[in-house]
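Lifted from Swiss-Prot, the feature list:
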- TYR4, ASN41, ASP68, GLY109, LEU110, HIS111, GLY112, VAL113, GLY114, ILE115, LYS333: ATP binding site (BINDING)
- GLU417, ASP489: Mg(2+) 1 binding site (BINDING)
- ASP489, ASP491: Mg(2+) 2 binding site (BINDING)
- 411-524: domain 'Toprim' (DOMAIN)
- LYS442: site 'Interaction with DNA' (SITE)
- ASN445: site 'Interaction with DNA' (SITE)
- HIS496: site 'Interaction with DNA' (SITE)
- ARG614: site 'Interaction with DNA' (SITE)
Amino acid sequence: MATYNADAIEVLSGLDPVRKRPGMYTDTTRPNHLAQEVIDNSVDEALAGHAKSVQVILHQDNSLEVIDDGRGMPVDIHPEEGVPGVELILTKLHAGGKFSNKNYQFSGGLHGVGISVVNALSTRVEVRVKRDANEYRMTFADGFKDSDLEVIGTVGKRNTGTSVHFWPDPKYFDSAKFSVSRLKHVLKAKAVLCPGLSVVFEDKNTGERVEWHFEDGLRSYLTDAVAELPRLPDEPFCGNLEGSKEAVSWALLWLPEGGESVQESYVNLIPTAQGGTHVNGLRQGLLDAMREFCEFRNLLPRGVKLAPEDVWERIAFVLSMKMQEPQFSGQTKERLSSREAAAFVSGVVKDAFSLWLNEHAEIGLQLAELAISNAGRRLKAGKKVERKKITQGPALPGKLADCAGQEPMRAELFLVEGDSAGGSAKQARDKEFQAIMPLRGKILNTWEVDGGEVLASQEVHDIAVAIGVDPGASDLAQLRYGKICILADADSDGLHIATLLCALFVRHFRPLVEAGHVYVAMPPLYRIDLGKDIYYALDEAERDGILERLAAEKKRGKPQVTRFKGLGEMNPLQLRETTMDPNTRRLVQLTLEDATGTLEIMDMLLAKKRAGDRKSWLESKGNLAEVLV
């Protein structure tokens, strides 16, 4: 087993950015996220098999104390930085023993971005460490060291652990008070997800003391949560599988008569409130198994094909994924974006659910009936759209590769820059619900073109016919696709084309934008190869972040960085995984929150008559531009 001391702590960068932009590192509505970071570190000790209990105390002065019986933070001097490990962990951003996997196989808190952020956003932090038969104490004020590490007593050799007591700084939060209900919810979830761990919460304001301890984790948690509701099956469908780099466990059931459902997902015991690729994988695995079950038994009525939402409706689940190097959208870790999670979870769940359905055929048939009935309702509610093979109304553009499905709200149209990329996209798409229309070169700048004349442009005419909505029309009844996705290269030309298309939709198809139907796909600009591992980066900042992390992990080999010159350079499999697969892609919805401000900026950028304003803007703001070479 690896020794966990100061030289196991790796440093990536300083603490300065946190106070300037606290919202990038934590949820600033309340200090609950700070509590979660400290709790995560203690729970990581339990995950690694070093701690059996975690105690959380909310004091009357609104400070919070988290105590565990793990190994204790390192107190020896770091070989490169020349300060004790505990000081490094609390004063340097991205300092921790969790970047490589020597000290923790799976970890949620990066002893790093988390606990140093707690220090940066607190007026005072007091850390006590029991380790090597001594008890140590160190204090911090406003993110800086307030007192040196000192020995304050002796303890038994086996008496180890860490206590972190912090006072959140009210100026960084909308409300400086902890939400007790949310705190208790997180703590109960930790106990559920780490069977055998004892978690205690004490509120000194009310005298309340609660202890959670689950030997039968997910199953009993889910059963308790939906105890009063009719459910199918009666006992949750549970499963788990642990690989060398990832592990997944779940408990799920359906609530045929509805009711308040539980839908919770976690990565390395961190709640992912916005789901992510692991939840997408669970949904896909259940769908694949149910489709197979229905087809094998010939249960599907003619013309009915199960969609993900048919199986997902009225589901209650708890999903726990453990993986090395999870990637999240944003620092607050609320959505998992690691692409490999979707494939791992869907494969494991599909195999397990297929087996379970066939072993419990009677319940399987009831669940199939439920899904088929959901599909029937969906088909009845949605109008059908005639696809390209039907010749009536205006002829659809010849270059449109339409999808087969007839439900407009499920269908997606990708407007793809260039014919070569269009070819890759046609191979990468799911023909059932994804249509492709290649665009030749840059479209017309339509910002100042009158609504009646805009259709004179062949490209704009083809887009209007394909989507089924005329420029300027407010009636979206004939809309043929629920999502219209702009897919252009990640380089400067691609951004120009994407801007012109956004301008077209904002100026001439505004009701589409306001109804949330227009999206911009985010293809990666870089691919990073290191051995067998592949990482994709959206831009330079993400590329640098991945390279920094790989350097901190001290992985063998030199990373090979490839810059995609265009979508056509990606093979169909890469394009599908990074840009088109709903389980693993990134799509940004085009919204108009501040319509007046947005229209003013776009007018200044796109109107021919405002060249003078553009020049002034470039002179005053040109230094803020990102130059893409």
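Counting starts with 1 at the first residue shown.
Cβ atoms are placed via backbone N, Cα and C, with glycine included.
Swiss-Prot feature annotations superimposed on the structure.
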residue : record                      : DSSP (3 states)
ASP68   : ATP binding site            : strand
GLU417  : Mg(2+) 1 binding site       : strand
LYS442  : site 'Interaction with DNA' : coil
ASP489  : Mg(2+) 1 binding site       : coil
HIS496  : site 'Interaction with DNA' : helix
ARG614  : site 'Interaction with DNA' : helix
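Considering only the recorded positions GLU417, LYS442, ASP489, ASP68 (ATP binding site) has ASP489 as its nearest partner by CA-CA distance. Taken through DSSP, the domain 'Toprim' (411-524) splits into 45 helix, 21 strand, 48 coil. Taking LYS442, ASN445, HIS496, ARG614 as the recorded sites under consideration, the smallest Cα distance to ASP489 (Mg(2+) 1 binding site) is found for HIS496. Of all the binding-site residues listed here (GLU417, ASP489), it is ASP489 whose C-beta has the fewest other C-beta atoms within 10 angstroms. It is 8 Å from the Cα atom of LYS442 (site 'Interaction with DNA') to that of GLU417 (Mg(2+) 1 binding site).
Looking at ASN445 (site 'Interaction with DNA') and HIS496 (site 'Interaction with DNA'), their Cα atoms lie 10 Å from each other. When each of the binding-site residues ASP68, ASP491 is scored by how many other Cβ atoms sit within 10 Å of its Cβ, ASP491 comes out lowest. For ASN445 (site 'Interaction with DNA'), other Cβ atoms within 10 Å of its Cβ number 16. The C-beta environment of ARG614 (site 'Interaction with DNA'), restricted to residues of the same chain at least 6 apart in sequence and closer than 8 Å, consists of MET604, LEU605.
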